[in-house]
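Q: Questions regarding the structure given below will be posed in turn.
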Amino acid sequence: MLLEQVIYIMCNLEVSKNNSSRNKLWSLIFGTQLLIIDQLVKSFFINFLKKTPGIAISIFKYFKISYVWNYGISFGIFNYYYDIGNIFFLIVNTIIVLCICYLITKAKKLLQFNAYMLVIIGGTSNIIDRMLYGAVFDFIDIYLIIFNLADLYIFVGTILLVIYYSYYE
């Protein structure tokens, strides 16, 4: 009951005309900080773990820090098609991010705007990885899946969009 009320309030906060620019500016600043954090954390773990690829540092029973290059898409799908995969996924990811950049301009509610922003920031960070390294660096290892902060941003943004469109549209 309380969760439904919170979701209802979040879905109905408008990007009002009076403070629209301010809300968008704060979201952009926050999103830029998330992008920088993701890139810095990846850079740290790339340099820290580069001498021991394949070795995972156990933090908790099902939580490890691993050194994994993902040349494909989620869960390593198409990982073995490196030659054409990186360029293909770089182009596809860029097109998707640009489409979402268009959608964010149409956002009427703050939740919708911020959800799109998370997906854009996550996608952009993974595009930067592909441009710099030819693959996406994943390091957060939770039981059976390995991902990075950018993937988490995309996941959370997508969940927020599902919530938004489930309750509002």
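All positions are counted from 1 along the displayed chain.
Cβ atoms are placed via backbone N, Cα and C, with glycine included.
According to Swiss-Prot, the active site annotation covers ASP138, ASP151. Residues or ranges marked as transmembrane segment in Swiss-Prot: 26-46, 55-75, 84-104, 117-137, 142-162.
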Q: Have the transmembrane segment (26-46) and the transmembrane segment (142-162) got at least three CB pairs under 8 Å, pairs 6 or more apart in sequence?
A: yes
Q: Which bits of the chain, at least 6 residues beyond where the transmembrane segment (117-137) starts or stops, bring a Cβ under 8 A of a Cβ in it?
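A: Tertiary neighbours of the transmembrane segment (117-137) are 27-28, 30-32, 34-35, 38-39, 42, 45-46, 68-71, 82, 86, 89-90, 93-94, 96-97, 100-101, 104, 148-158, 160-161.
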Q: Tell me, how many other CB atoms lie within 10 A of the CB of ASP138 (active site), whichever protein chain they belong to?
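A: The answer is 24.
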Q: Around the Cβ of ASP151 (active site), how many other Cβ atoms lie within 10 Å? Please give the count over every shown protein chain.
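A: For ASP151 (active site), the 10 Å Cβ neighbour count is 21.
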Q: Which residues of the same chain, at least 6 past either end of the transmembrane segment (84-104), have a Cβ under 8 Å from a Cβ in it?
A: 71-73, 78, 113, 116-117, 119-120, 123-124, 126-127, 130-131, 134-135
Q: Work out how many Å separate ASP151 (active site) and ASP138 (active site) at their Cα atoms, rounded off.
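A: Cα-Cα, rounded: 9 Å.
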